[in-house]
Amino acid sequence: MLCCMRRTKQVEKNEDGDQKIEQDGIKPEDKAHKAATKIQASFRGHITRKKLKGEKKADAPASESEAADKKDEGPAGGAAENKESEASAATEASAADSAQLDEGSKDSSVPAEEKKGNGAADTGSEQPAPQAATPAASSEEKPAAAAETESATKASTDNSPSLKADEAQDKEEPKQADVPAADTTATTTPAAEDATAKATAQPQMETVESSQTEEKTDAVEETKPTESAQQEEVKEEESKADQENA
């Protein structure tokens, strides 16, 4: 009886489960599939988020470098603009200075011309006095120049004997110096000739000896082939005699 009761209860439980599935309309397999799809979707989302973070990190240095370049370009551009403004201001100032100088030169040219006219009039009135004074000065300078030339000629004539004596001594000294030099050359020539003769004789002897040794070696080399040829002929004759005897 108990076994029957247990079996009947299990059947009732299974029937209740089937009824619940029918009421829900979802099977356990479908639930597992949905759960797996959810897990896969979450995993994919996690991967995509990591990729996006990496791209953002890669973009951040690029943006920082761009910002730094912009900062560098900013001061450089400002400096260039400042230089251009300074150059324009300098050109304007130079133009103004040149205009002022032109005006000043024009203003100064008129008084200079007036001064020149006044100076010419003054010089015209003052010229006769110097012209009158020049003949007296020239007449005083001529005797002084004549006296200087006479004193110079006297001094040269007084010093001429001493100069001649010095020149004679200078000429004698080179002659005396040349004579010992000639003697030394005469004494040194025999020794030099002996040395040169020995130096020339040694190479000649060496060349003769070398030529003799070469001739000897050539003669030995020539005799060697002849001896070998004779030995070969003797061997051939002996072989022929042996063949005939056989």
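Cβ atoms are placed via backbone N, Cα and C, with glycine included.
Pulled from Swiss-Prot:
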type	residues	note
REGION	1-246	region 'Disordered'
LIPID	Cys3	S-palmitoyl cysteine
LIPID	Cys4	S-palmitoyl cysteine
COMPBIAS	9-33	compositional bias 'Basic and acidic residues'
DOMAIN	32-61	domain 'IQ'
COMPBIAS	87-99	compositional bias 'Low complexity'
COMPBIAS	125-157	compositional bias 'Low complexity'
COMPBIAS	164-176	compositional bias 'Basic and acidic residues'
COMPBIAS	177-203	compositional bias 'Low complexity'
COMPBIAS	213-225	compositional bias 'Basic and acidic residues'
COMPBIAS	237-246	compositional bias 'Basic and acidic residues'
What does DSSP give as the helix, strand and coil breakdown of the compositional bias 'Basic and acidic residues' (237-246)?
9 helix, 0 strand, 1 coil
Summary of DSSP states over the compositional bias 'Low complexity' (87-99), given as helix, strand and coil counts:
13 helix, 0 strand, 0 coil
